[in-house]
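**Student:** Just passing along the structure, written as structure tokens.
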Amino acid sequence: MGKTQKKNSKGRLDRYYYLAKEKGYRARSSFKIIQINEKYGHFLEKSKVVIDLCAAPGSWCQVASQLCPINSLIIGVDIVPIKALPNCITFQSDITTEDCRSQLRGHMKTWKADTVLHDGAPNVGLGWVQDAFTQSHLTLQALKLAVENLNTGGTFVTKIFRSRDYNNLMWVFQQLFEKVEATKPPASRNVSAEIFVVCKGYKSPKKMDPRLLDPREVFEELPTGPDNNEAKIFNPEKKVRRRQGYEEGDYTLFHEMPLLEFIKNEDPINTLGTLNKLSEPPQDDHEWKILKKSKLCTPELLECIKDLKVLGRKDFKHLLKFRKQARDLLGLDAKEETQEIEVEPLTEDQQIEKELQELTEKQKQKARKAKKQSNEIKQKEIQRSQMNMLTDMNIGIEAAQIGAESLFNLKTAIKTGQLEKLSKGKKKMIFNDEEIMKDNDINFDEEADANSEDEIDELEAQLDDMYNSYQNRRAERDANYRAKKLRGDVDDEGWEGIESDKEGSDKETEANDYEMESESDSDDDEHIQRIADQRKKELSKNAKVFFASNSIFGELGDEALLEEMNKKEAKTNQVTNENAVGHANDISNKPEQMEVDSSDSENDVSDDSDFEIVPNAPDEELSDSDSDNENDVSRKYSKAKDQQSKVDIATVEAMTLAHQVALGHKNKHDLVNEGIHKYSFRDHDDLPEWFVDDEKRNSKIVKPITKEAALAIKEKQKQLNARPIKKVLEAQGRKKLRALKRLEKLKKKSDMINEDSAKSERDKADEIQKLMKKLTKKQKTKPKATLVVARGSNRGLSGRPKGVKGKYKMVDGVMKNEQRALKRIAKKHKK
């Protein structure tokens, strides 16, 4: 007998068939999922739970068991039985039934699938249209099962046929997944209509529209719109072919209509789009005789209507113009005459009935509107209760109504004439005109005020404690802030118009009391003079030390600086000398003036110089108080000299100001004027510390800086950075100290040797030289062992590694971990 040959139709026994046999796969379709997995980021390697729908004979389950992590859950289901597979759970069921869903839930427990695979197809052979629809319906059922079991971000791979329902399925996939892509792996035959859709990133919506998974909704055929006959008429060159066969009930391709019927038709464009020819009417027709007399009825037009499919846009326009003119000639478009209808006036009963109907309709509208509003309120209340928004909406309305009467009213203050007192900062009550006219006494609840004041004081104390704790926490966390706090930079006040807070507050209180008690003009003048005296303030102590300690102000001279710092003391001396000695005429005739350069004197004249000519009494007539004042001045000047090293120009603004003062661009009056701005005279009394600190930090005048000042500060910072750190300086100092100690020791020993009379001078010199060599000899440091990592060519090496000289030590990662463990244990025992 001859050897039988197996059929090889459509290339079924291709290379993937033999590869599947060699690899042990149950079908050649195994390579389809392998290629899809490689193309789309190896999603199977990341999946712990995989469901294979329509899994028979189980080739995709085999691939999943090989690629998925160990101990993964792989479930295969099909309508036909599947042979048992290692590391897989298989059962027989129809994926469109509820039994399949219950069995899947029983196997998966509370788990969710990371990947759902579907490679099912119906029994084909009935017809291509029927087979394609059945495949699409099966794919939709698989998607429905996948949606119930997929985890968020999961993957769904399915097989579908290219058919008219393909776009509908793709739209459904795009609603449920972030990325949807169709592919055809190389293992799929080219003659096959199958393609695979990979859906990644399942969105897991909280609410699912059931119509997305309903076959009747997804595969519903929408009615096609009417043909675009306008395009056929106005753009006949562009033809769209639709190969869909004949229309129902119409099996002819040639359509003809009489010309007069076309003229009488109300829809000429759609009619022309469906016709092939317009037939000419008989010659004895009365209407046609009228139309033939028209100028547009030419022999060319009669030839054009014999074949409408070859006409162009111009010909169709000419035909439509002829139709319009023909309708005018035949009177088809004539407007109907309007008939006037007389309306009888309404009787009294009819008028009353009409008004009643209107009122009834208005009442119904109001009732509907009120019902609608009540429904909206109920709906809002339901929403608020669902969102736990149960707070009463009317809360605070009563308090607002009560407090509205006590609000400050500027118009009332202007009418009552109390605006002037309010502008001076007096906390007065503003009363209404009626209360002032009645002169009623306004009684306050003293207990309520006391309680409210106690609560306010308690709240302020709590705020102060919280601010202090915040400052302490910040000081512990931030070293720079801690250093600033120790230096006192944090608490420095920018304005020093009053020498002490106590003095300023006392004076202000006295001024307030004085103004409330007296109303005469003389008292007001004295009060104004007192305020002006308070605002006059010289440079502060720190400012004087600053100008005295910097060399950049050397042009002013030490004597001028001394005189400027103690101008008030000199004035006091003058008054004292006049009262004590009584030589006013001699003192006034013989003043002792300062020696100032011509350039300085010119500046003094033009700029209201900072220096003042002060007459002094002769030395022999000076009293004890004068000598004491001179001692105080010299003592303060020496103290300023002592503090010179402590003052430093550290900011660009300070350096800019120093340059301007040194070069004569600014004098004392300019500095005083710049110090008076909108932030200068703010009342800081009885304010919490946190508020004052915030005001200091934010309420500042931004002063301009110069390029030269910035460069000077930058150069200064460079010099500071170039200095060695404290540890290096300390080490150098210790080294020098040790050298000095050795030198002293050598000196003592050499003195002892020189005092020894038993030795000769040569022996003494030799011993001293030996001592010097011994002390100056450098200490030898032990060479450190070279560490060689046991890796690469040095792994498992016995003997000295290549290129290593001297002592060496072999190390590896295990030794490193052991050393870390030993350090950790030692640290633990120390605790």
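Here the Cβ of each residue, glycine as well, is placed from N, Cα and C on the backbone.
From Swiss-Prot, for reference:
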- G58, W60, D78, D94, D119: S-adenosyl-L-methionine binding site (BINDING)
- K159: active site, proton acceptor (ACT_SITE)
- 346-389: coiled coil (COILED)
- 440-479: coiled coil (COILED)
- 492-535: region 'Disordered' (REGION)
- 499-510: compositional bias 'Basic and acidic residues' (COMPBIAS)
- 511-526: compositional bias 'Acidic residues' (COMPBIAS)
- 565-645: region 'Disordered' (REGION)
- 594-611: compositional bias 'Acidic residues' (COMPBIAS)
- 618-631: compositional bias 'Acidic residues' (COMPBIAS)
- 632-645: compositional bias 'Basic and acidic residues' (COMPBIAS)
- 729-782: coiled coil (COILED)
**Student:** Can you tell which of the binding-site residues (D78, D94, D119) has the fewest other C-beta atoms within 10 angstroms of its C-beta?
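**Tutor:** Minimum Cβ neighbour count within 10 Å, taken over the binding-site residues D78, D94, D119, occurs at D94.
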**Student:** Cα-Cα, whole number of Å: D119 (S-adenosyl-L-methionine binding site) versus the residue listed as 'active site, proton acceptor'?
**Tutor:** 5
**Student:** Measuring Cα to Cα, how many angstrom lie between D78 (S-adenosyl-L-methionine binding site) and K159 (active site, proton acceptor)?
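**Tutor:** Per the Cα atoms, D78 (S-adenosyl-L-methionine binding site) and K159 (active site, proton acceptor) stand 15 Å apart.
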**Student:** Quick one: give me the count of other CB atoms within 10 A of the CB of W60 (S-adenosyl-L-methionine binding site).
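**Tutor:** Other Cβ atoms within 10 Å of W60 (S-adenosyl-L-methionine binding site): 29.
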**Student:** Please report how many Å separate the Cα atom of D94 (S-adenosyl-L-methionine binding site) from that of the residue listed as 'active site, proton acceptor', as a whole number.
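**Tutor:** That comes out at 17 Å between the alpha carbons.
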**Student:** So for G58 (S-adenosyl-L-methionine binding site), how many other CB atoms are inside 10 Å of its CB?
**Tutor:** 23
**Student:** Among all the protein chains here, how many other CB atoms are within 10 A of the CB of K159 (active site, proton acceptor)?
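**Tutor:** Other Cβ atoms found within 10 Å: 22.
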**Student:** Whole-number answer please: how many Å between the C-alpha atoms of K159 (active site, proton acceptor) and W60 (S-adenosyl-L-methionine binding site)?
**Tutor:** 13
**Student:** Report the mean pLDDT of the predicted model across the coiled coil (346-389), rounded to a whole number.
**Tutor:** 89
